[in-house]
Amino acid sequence: MDACAAPGGKTGHILELADCRVTALDIDAGRLKRVEDNIARLGFQTASAACADARDLAAWYDGKPFDAILADVPCTASGVARRNPDVKWLRRPTDALKTARQQEALLDALWQALKQGGRMLLATCSVFVEENDGQLQNSSTAMPMPNRSNRGCFYRTNTKMAFITRLFKSIKQWLVLLPILSVLPDAAAEGIAATRAEARITDGGRLSISSRFQTELPDQLQQALRRGVPLNFTLSWQLSAPTIASYRFKLGQLIGDDDNIDYKLSFHPLTNRYRVTVGAFSTDYDTLDAALRATGAVANWKVLNKGALSGAEAGETKAEIRLTLSTSKLPKPFQINALTSQNWHLDSGWKPLNIIGNK
């Protein structure tokens, strides 16, 4: 089992290295979809996904114990503060104790699903005692766990768990995961994908663009957003053909024509709602997913001067659209972090527009 599996990199790596069946478990249905997509993309047939809180054993455990469990538990990510200096602003002194309680509940449930003689690998990217050695101490008291002074992986013997470092051939597939686990915050970065990218040539020879994007924020950005850091996204487009119209478009950009739409995403704790602002207009949303769907969404956005595409055929016209997170508009400490962490670089890349003629 790969517990807390999203977005699926660890699951895929295990399947590549070992001839086994893997259950990917995650509490977030949206992120679990990424796991399923990654498994399908890699072509593996021996993996299944389950959406449930790992702490709620009754919600996902069918009584068949697992030979091995990878427990990549939540933590403060303090061990990667050099690559992600925003942790200093996002974390609070009480966070380590809070995540330690989460870890304890997760381990208490997961070890009950471990086969006798099985192994459990506990992974964190934290340097705090509460989330590492302190967790082992608590577990050894509750389970108990002799030999806790050693480092390695858990295994279950009857009704007990032990902490060992002895290496077996069958455990090598776990050991190669350690370099990946050390950089999990970066590996968990999501992105922006276009779900609608189309345009229509109007009677007046202009281009009418409609778009929608699916955006998934990494945990760091979600935490920053909920703590008052607004995120600014820019929707831009470019014309590649026909040649003359494209030349005029690029010339217009040089002299300052603005063909962008700016979206400001913010969170308001008093109402516990998210807000998307475009120009002077704002709309509030109950959930982050709904707000993200509105970010980059546009219908019948008229671009180009009248007559720019007069006589142009849809098949001869080429244009692209792009949605990016504007890191230059972040507060200065976060701009510094954006230079070193891929988590802060969200970019759909240029996506071709499906252009149709006027009906």
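Just so you know, glycine gets a Cβ as well, placed from its N, Cα and C.
Since the structure is predicted, the reported quantities are computational estimates derived from the model, not experimental observations.
What TrEMBL annotates here:
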- CYS125: active site, nucleophile (ACT_SITE)
- CYS4, ALA5, ALA6, PRO7, GLY8, GLY9, LYS10, ASP26, ASP53, ASP72: S-adenosyl-L-methionine binding site (BINDING)
- 1-200: domain 'SAM-dependent MTase RsmB/NOP-type' (DOMAIN)
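The most densely surrounded of the recorded positions CYS4, ALA6, CYS125 is ALA6 (count of other Cβ atoms within 10 A of its Cβ). Put simply, of the binding-site residues GLY8, LYS10, ASP53, the one whose Cα is nearest the Cα of the residue listed as 'active site, nucleophile' is LYS10.
A simple way to gauge crowding: the CB of GLY8 (S-adenosyl-L-methionine binding site) has 28 other CB atoms within 10 angstroms, across all the protein chains here.
DSSP assigns LYS10 (S-adenosyl-L-methionine binding site) to a helix. Residues CYS4, ALA5, ALA6, PRO7, GLY8, GLY9, LYS10, ASP26, ASP53, ASP72, recorded as contacting S-adenosyl-L-methionine, have a largest CA-CA distance of 19 Å.
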